[in-house]
């Protein structure tokens, strides 16, 4: 067999082969103008999508900042103890009248919350923030000039001030404004961070800011807006200036919230709620969804009504301009139809969520416990300004420095402890509470229910009242009253942080403002009951004394023991609710 010679590839052969390949590749069709137009549209869509996502995140962040600022100012009513005692001395109100003012504010703050929540869920937070601005301005300005007018005729012999009912009217506006501003801010955060990993913390921050508001406002009143004594030293707060300051501040913050509180992607929240109901099979039973599915008009990808398959056609050459007009009109009509359907779907979902919430037995156990815990806490905060003098001996040598501490100091301690507790428990609930959706693969981290945090918080609140009730503690050592305020701030703040978080987890955030509004109404009744109990005990113990002032353990003993018993009952009710959720496999 003849040997074969291996062909040798030269540079010229390579170059000629490369040229042939280039010619062969050039025989295929190249990218045309239509392809470049398509790629350009895709790029534009990607850029627009990123721009929309960025705009949403910026709006969400600005709304969060605005919500925190609103809550940081909304809790002005918590500084009531700073000037409550001045109503006794300057306006000659009785203790019953002072408590009537605080109870009125509590009732106005809590009783309308379901209504305000209903409006917030259905019409968004900004209108509620505007209403808060108007109510705060009306309330504090009216209270300022009522105080400036002096004691009324029925409270002092030479009194020529405005009637007591005017002050009641002013604090109705203050209480309602507090509810509106607080609810609009918290609902905004709950809905904007419904699917966030740390949604408990993001909800706890504005709630904690609400607790801080009383602290910084009372400090401004005590250290900047004070009366000068004849010797030039600093005296007590100038109530008139303090009320005017609060009016101006809260009007401005309310107007800012009207612009800044925005819910991002609310349609996604509604769709998520509808999907949850689809899994339960309730949508098939709804006449609303049967009607809408039957009447749904097919639409194409561009949002206009799709006429394909209808058996009609339109010439494109002669009626191009008419088609453009018809297309724009159809887009407008379709957009209106979609908005109407979304609004109808939203209202149907919210009404169904409200019905499910109100008919759930565990909700009433949670609400009853909240009633029994927050009522004593509210009464404590409102009356600590009159408890301090009862712990001060009658002939104490330095009346400007009472042994139980100043009211502004107690307000600051409660605010700081409450803020710490709200942030701490909100963070722990995110880190250790079980996820609402099963994890795949399952997480190895330690997990426990939010009730594990809620029940110890109530125990801390119980310790605050026991420290005040036991005669060998605070009554014999007035300085321990500061400890009671610290414990109360921790327990009260933690409960006020965990209960709305539990509501958002168990019943969802679509109807959060309404659901939380129903439960948040409970402290009004509790505060009214325990404030009346305190007033009755105070008046009975001060009978026959000068100027109706009371001194000693008897002024608050029965009230403190009753508040402690109320907290114990709340703990028992929450244990029953926890057991019911376990039986139903509800993640809390």
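Cβ coordinates come from backbone N, Cα and C, glycine included.
Listed in TrEMBL:
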TRANSMEM  61-84  transmembrane segment
TRANSMEM  96-116  transmembrane segment
TRANSMEM  128-147  transmembrane segment
TRANSMEM  167-189  transmembrane segment
TRANSMEM  201-222  transmembrane segment
TRANSMEM  242-264  transmembrane segment
COMPBIAS  294-303  compositional bias 'Polar residues'
REGION    294-322  region 'Disordered'
COMPBIAS  310-319  compositional bias 'Polar residues'
TRANSMEM  451-470  transmembrane segment
TRANSMEM  490-509  transmembrane segment
TRANSMEM  516-536  transmembrane segment
TRANSMEM  556-577  transmembrane segment
So, taking each listed stretch (61-84, 128-147, 516-536, 556-577) in turn and counting its Cβ pairs to the transmembrane segment (96-116) that are under 8 angstroms, which one gives the highest count?
516-536
For the transmembrane segment (201-222) against the transmembrane segment (61-84), do we get 3 or more Cβ-Cβ pairs below 8 Å once near-sequence pairs (under 6 apart) are dropped?
yes
Quick test of the contact rule: Cβ under 8 Å, at least six residues beyond the ends. What residues does that give for the transmembrane segment (128-147)?
70, 74, 76, 90-91, 116, 119-120, 161-162, 166-167, 169-178, 180-181, 183-185, 239-240, 243-244, 246-247, 250-255, 257-258, 261
Beyond the flanks of the transmembrane segment (167-189) by at least 6 residues, Cβ under 8 Å:
63-64, 66-68, 70-71, 73-77, 91, 100-102, 104-110, 112-113, 116-117, 120-121, 125-126, 128-129, 131-136, 138-140, 142-143, 146-147, 202-203, 205-207, 210, 250, 253-254, 257, 261-263, 500, 512-513, 516-517, 520
For the transmembrane segment (516-536): best-contacting stretch of 61-84, 242-264, 451-470, 490-509, by Cβ pairs under 8 Å:
490-509
Cβ contacts under 8 Å made by the transmembrane segment (490-509) with residues that lie 6+ beyond its boundaries:
186, 190-191, 194, 199-200, 203-204, 207-208, 211, 269, 273, 276, 353, 356-357, 360, 362-363, 366, 370, 373-374, 377, 414, 417-426, 429, 433, 436, 450-451, 453-454, 457-464, 515-516, 519-520, 581, 586-588
Residue list, the transmembrane segment (242-264) vs rest of chain: Cβ under 8 Å, 6 or more residues beyond ends.
56, 59-60, 62-63, 65-67, 69-70, 73-74, 76, 82-83, 124-127, 129-130, 132-134, 136-137, 139-141, 143-144, 147, 177, 181, 184-185, 188, 191-192, 217, 220-221, 225
